[in-house]
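For reference, the structure is listed below as structure tokens.
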Amino acid sequence: MNSAITTCEHPNPLRGDGVLSSHEGDQGSKKDGQLKSSSSSHLAYGILDIPPWYLCIFLGIQHFLTALGGLVAVPLILAKDLCLQHDPLTQSYLISTIFFVSGICTLLQVFLGIRLPILQGGTFAFLGPSLAMLSLPTWKCPTWTLNASQVNTSSPEFTEEWQKRIREQRGDGVLSSHEDDQGSKKDGQLKSSSSSHMAYGILDIPPWYLCIFLGIQHFLTALGGLVAVPLILAKDLCLQHDPLTQSYLISTTFFVSGICTLLQVLLGIRLPILQGGTFAFLGPSLAMLSLPTWKCPEWTLNASQVNTSSPEFTEEWQKRIRELQGAVLVASCVQMLVGFSGLIGFLMRFIGPLTIAPTISLMALPLFDPAGDDAGIHWGIAATTIFLIVLFSQYLKNIAVPVPVYGREKKSHTSKFYLFQIFPVLLGLCISWLLCFVLTVTDALPSAPTAYGYLARTDTKGSVLSQAPWFRFPYPGQWGFPTVSLAGVFGIIAGVISSVVESIGDYHACARLVGVPPPPKHAINRGIGIEGLGCLLAGAWGTGNGTTSYSQNVGALGITRVGSRMVIVAAGCVLLLMGIFGKIGAAFVTIPAPVVGGMFLVMFGVITAVGISNLQYVDLNSSRNLFIFGFSIFCGLAIPNWVNKNPERLHTGILQLDQVIQVLLTTGMFVGGFLGFLLDNTIPGSLEERGLLAWNQIQEESEETTKALEVYGLPWGIGTRFCTSSCAQYLPFWPREGEVGVRQLSLCPGDSEEGPRSATDTRM
């Protein structure tokens, strides 16, 4: 099938036979970078035409059925908060009223309003504020209205209960204006912002002192995730009353993350991506530790009965972490096989913007809960952190700070340095951290552990700092020889699948932010394989977790606009040092939670926007594409939420299968990415409509080919000056001369020759 839609080959439907046209071309086509209406958009009946009366009736019914879901959904959603869940008759009255009013509004709009064929109906925009108002104590439904046996729907008392709420809704006029929830377009063309210019590109090498400071900034950006994973595992490892061992786990995580970061940047995907502990493994890990075999004894839950130096207590937590180590080791071998065998690179030919966009967006969207929880510990501190990061990264980014410089030619002089553009996160964190320290010293923050804002103090984790040794070198097998169980392995493999999907999204997001071509399939194969090797090292060292690419650091690239590979190398070295110097690593653990929460709110917002920006390649006038993206995003939020609330509904009787299903269905990015992948590859659509042609064209210029080889080729001349054997070219992870990106592969004959040449204009 030819990739281009040649509409002149399809005859227009005849008006006289009453046959409706099949909407094969319900969207415009792009030509010369501009959005133009396709010739297939010629309508059987134009806006001023009058079809036969019977067609008007049938088409009117079709429009009614199309809008039926939205018309009925609004009153049904409101019913519970209006105390009507046990009064279906009144619900039917509300639905009938909606139908009637929508009909009046439709006629007014068509005859006196915009005068376009647009149907009016109930709006979901009012649902949020309406439900918020009805959740106030004044309007909460009485308990007796929730019990069907106590409700008499014909009684005046019940009638007054729901009617006064309806009257409040009618009188409130709760409105919400969505004037700025969409991007701006100019002349129908999507243009990249000038802010996408990087201060330092991926191949640039900033001064050594900048690399150090920027590396520390990336370390601080990842600190929340690096510390959170071992702290979350601590309770189920029976370590909630052993902060010293918790600090050892944190140091080990730092050390292994440093090794994995260096391996990934130098030999893996070769993009500026930091590696660290993965939340994808937490679900199956906690599920395994909740089994009766691994539940902590009662005496380990009582601080007065725990002797952290006793052999009995040491064996209790070590046997659990050894079980996690064994599961991670086996699962990491599966990930290495998937990566180095080229299976991921093969699948990438079927993965387009409609798969990548929901996957990247759903990395960050479900994290609003933990980010909000951390920030909610003290919203004043969190808001200060957000304000400072936004101030430095957006408002002051173009303001140069004079810095004294001494050189050989010019002895003492000042030079302009864009401090706020390069260090917005580091400056924001340090100032907020210092503010928390001052408020702690002056006792402005509460000292009672149960009081609001207590965890904003800097002395809540002082025991970790005092007990941690100055030097401690983590080593493989430090907790003993790993053990393996089938249940743990199956669960962690499910986490590996989610981690792989997340990492592929991170690779594309990172490439877009630093302004380089999308990663070739050999680079993706290598990146996933190296991540598997990183998980293998994490299992050997005993972090109790694996490693993956860190989304928050990808977001930091967009804020700081520093995409240099050497900065992440410096960050890897910082992680290694933090893992060895226990006191320094423990000091960073004392960063208050609301400071980290405020930073996450900014970072995850950037990641969400980067995911959505992938849609610039697809035709957003296509109902097909809008359905795929919207449905994938919504299911990626709704399905995990339901599974978390109803885990017992998924019991099959096979424990390992239950764990796999639960982990997959509670990972939003897996659900959304899988649905996007499935629908995009099964629902008919041209390559141009799907955005694959536009993505192909980004790779076609020779300068981009050269840059791709520079970015994703192996270092130190491997493959060009050394190890140039022809046999190596058959390895799936080995760079090939002339292979640019996974999008260069022609999916259909002639696709790459007749695509829109100006698609390169959409490059960030």
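Positions of Cβ are set from backbone N, Cα and C atoms, glycine also.
Taken from TrEMBL, the feature compositional bias 'Basic and acidic residues' applies to 23-34 (among others).
Per TrEMBL, compositional bias 'Basic and acidic residues' is recorded for 171-189 (among others).
Residues or ranges marked as region 'Disordered' by TrEMBL: 1-37 (among others).
Among the features that TrEMBL reports, region 'Disordered' is placed at 171-193 (among others).
Residues or ranges marked as transmembrane segment by TrEMBL: 52-79 (among others).
Annotated transmembrane segment per TrEMBL: 91-112 (among others), in sequence order. Distant neighbours of the transmembrane segment (91-112): 67, 71-72, 74-76, 78-79, 84, 118-122; these residues of the same chain sit at least 6 beyond its ends, with a Cβ under 8 Å from one of its Cβ atoms.
For the transmembrane segment (208-233), same-chain residues at least 6 beyond its ends with a Cβ under 8 Å from one of its own Cβ atoms are 239, 246, 249-250, 253-254, 257, 274, 276-279, 282, 285-286, 289, 324, 370, 374, 422-423, 425-426, 429, 543-545, 550, 552-553, 556, 560, 562, 564, 566-575, 578, 588-589, 591, 596, 599-600, 603. Sequence annotations record features per position, and here TrEMBL assigns transmembrane segment to 208-233 (among others).
Panel annotation: around the transmembrane segment (248-269), residues 222, 226-227, 229-231, 233-234, 239, 275-277, 468, 472, 474, 478, 507, 519, 523-524, 526-527, 529-531, 533-534, 537-538, 541-545, 547, 549, 565, 568-569, 571-580, 582, 585-586, 589, 712, 714-715 of the same chain, lying at least six beyond its termini, place a Cβ under 8 Å from a Cβ of the stretch. Per TrEMBL, the feature transmembrane segment maps to 248-269 (among others).
Using a Cβ-Cβ cut-off under 8 Å and counting only residues 6 or more beyond its ends in the same chain, the transmembrane segment (327-356) has close neighbours at 281, 284-285, 288, 482, 484-485, 488-489, 491-493, 495-496, 499-500, 504-505, 508, 521-522, 524-536, 538-540, 545-546, 611, 614-615, 617-618, 625, 628-629, 632, 673, 676-677, 679-681, 690-692, 695, 732-733, 742, 745, 747. As annotated by TrEMBL, transmembrane segment applies to 327-356 (among others).
The transmembrane segment annotation in TrEMBL covers 376-396 (among others).
The annotation transmembrane segment is assigned in TrEMBL to 417-441 (among others).
According to TrEMBL, the feature transmembrane segment maps to 479-501 (among others). For the transmembrane segment (479-501), same-chain residues at least 6 beyond its ends with a Cβ under 8 Å from one of its own Cβ atoms are 278, 280-285, 287-288, 291, 318-319, 321-332, 334-335, 338, 344, 359, 528, 531-532, 535, 539-540, 542, 546, 548, 655-657, 659-660, 663-664, 667, 669-670, 673-674.
For 567-589 (among others), the entry in TrEMBL reads transmembrane segment.
If you look up TrEMBL, you'll see 595-614 (among others) marked as transmembrane segment. Residues 221, 223-224, 353, 356-365, 367-368, 370-377, 381-386, 389-390, 425, 428-429, 432-433, 436, 456, 505, 508-509, 512-513, 551-552, 554-556, 558-559, 764 of the same chain sit 6 or more residues outside the transmembrane segment (595-614) yet have a Cβ under 8 Å from a Cβ within it.
Tertiary neighbourhood of the transmembrane segment (626-643): same-chain residues 354, 357-358, 361-362, 365-366, 615, 620, 650, 662, 665-669, 671-673, 675-676, 679-680, 683, selected by CB-CB distance under 8 Å and a gap of 6+ residues from either end. The transmembrane segment annotation in TrEMBL covers 626-643 (among others).
The annotation transmembrane segment is assigned in TrEMBL to 663-683 (among others).
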When you look at the transmembrane segment (417-441) alongside the transmembrane segment (376-396), do they share 3+ Cβ pairs under 8 Å, ignoring any pair fewer than 6 residues apart in sequence?
yes
